[in-house]
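Below is one structure, written out as structure tokens; the observations come after it.
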Amino acid sequence: MAAPCAEDPSLERHFKGHRDAVTCVDFSINTKQLASGSMDSCLMVWHMKPQSRAYRFTGHKDAVTCVNFSPSGHLLASGSRDKTVRIWVPNVKGESTVFRAHTATVRSVHFCSDGQSFVTASDDKTVKVWATHRQKFLFSLSQHINWVRCAKFSPDGRLIVSASDDKTVKLWDKSSRECVHSYCEHGGFVTYVDFHPSGTCIAAAGMDNTVKVWDVRTHRLLQHYQLHSAAVNGLSFHPSGNYLITASSDSTLKILDLMEGRLLYTLHGHQGPATTVAFSRTGEYFASGGSDEQVMVWKSNFDIVDHGEVTKVPRPPATLASSMGNLPEVDFPVPPGRGRSVESVQSQPQEPVSVPQTLTSTLEHIVGQLDVLTQTVSILEQRLTLTEDKLKQCLENQQLIMQRATP
């Protein structure tokens with residue numbers, strides 16, 4: 001039986017209903033619904049099932065800047081230039097709860113993987129964490145010195161990453177509320193950031209037309225792509241962790257192969273800046289939005305044939321190590337074209353001929369898992385030390401109390 005062949009991405013359908021630029025898109029967990037927000041102050045929930053009417057939610061008093069489905073799919077969060085966050089029930093009634101979240105535009109909202117909390121980012125320079133069901137503010141992270149464009153939880157909920165107009169990406173520990181590291185390599189405002197599905201890496205998009213990928217354990221810059229001719233407005237990891245898609249003001253979407261560090265496709269669909277992009281939870285589809293007021297849904301196709309069985313577990317992108325000198329700053333040539341064309345750039349990966357790709361990938365995965373184990377052991381040791389210190393302090397306090405009580 002012949003193996004299935006990967007195909008080019010294809011435009012499945014497009015939704016028209018917004019009356020101004022589309023700012024954000026997100027799929028529900030079961031891919032039955034797609035939410036989008038717009039500068040027209042409305043939130044739309046589109047049904048992937050043909051002939052189904054969309055829901056138009058009105059409640060925000062200004063542009064809707066961000067949207068995110070809860071992990072269960074039963075709730076939908078949106079943020080706005082009206083400084084509020086609304087939690088909606090995505091059904092025909094469109095009921096919502098309002099959070100007076102920030103003192104300036106809310107740029108980003110994202111649920112934790114357990115759905116119990118969500119994080120927001122704002123032009124008031126803060127990142128805030130909220131309890132979903134108790135509708136309660138929990139804490140604020142405030143070391144950025146300019147607008148915060150985006151904030152996301154790590155897959156395990158332990159870390160938060162934020163991107164700002166202060167040209168930094170900051171990594172935070174949720175439990176200690178401390179900034180773990182600041183990444184300062186961007187040459188302009190950082191517009192978007194997200195975690196790799198494995199939780200070991202982050203990717204950030206910038207106004208300097210670049211996309212950068214860092215390891216959150218070593219804080220090393222792993223990959224640097226300069227493929228767009230204008231600002232990169234959004235990005236999304238494929239659930240396998242092998243691909244990354246970007247949306248840019250140059251009107252294109254670009255799909256990157258992270259394992260080989262190369263450009264796979266350039267997609268022309270939007271007339272004007274592509275403002276947002278997101279994969280579905282399975283990776284079978286991705287959606288994009290633009291200043292042309294359109295929401296487009298694409299079928300991935302290219303992920304049918306993947307990099308072997310090891311892709312069942314998401315793993316971080318290959319490091320540039322030896323090829324650091326030639327992959328960063330490389331602007332891959334893209335053939336000219338317009339409309340619904342899909343263009344593939346053939347670029348041979350620079351890998352040792354003697355080592356099979358599957359073996360290399362497997363070894364990378366093993367090394368990644370060892371790093372995670374090492375980090376886990378280190379955390380356990382720290383907790384044990386902390387417990388011992390507290391126990392020692394308790395014993396000393398008890399002895400002091402007994403001494404004072406003795407006549």
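The backbone N, Cα and C atoms fix where each Cβ goes, glycine too.
The feature coiled coil is assigned by Swiss-Prot to 369-397, with sequence analysis given as support. For 17-56, the entry in Swiss-Prot reads repeat 'WD 1'. Taken from Swiss-Prot, the feature repeat 'WD 2' applies to 59-98. The annotation repeat 'WD 3' is assigned in Swiss-Prot to 101-140. Under the heading repeat 'WD 4', Swiss-Prot lists 143-182. Positions annotated as repeat 'WD 5' by Swiss-Prot: 185-224. The repeat 'WD 6' annotation in Swiss-Prot covers 227-266. What Swiss-Prot lists as repeat 'WD 7' is 269-308.
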Checklist line | Confidence summary for the repeat 'WD 3' (101-140), mean pLDDT rounded | finding: 96
Notebook entry, point to check: Does the repeat 'WD 7' (269-308) reach the repeat 'WD 1' (17-56) with at least 3 CB pairs under 8 A, where each pair is 6 or more residues apart?
Noted result: yes
Item checked: Per-state residue totals over the repeat 'WD 2' (59-98) - DSSP helix, strand, coil -> 0 helix, 18 strand, 22 coil
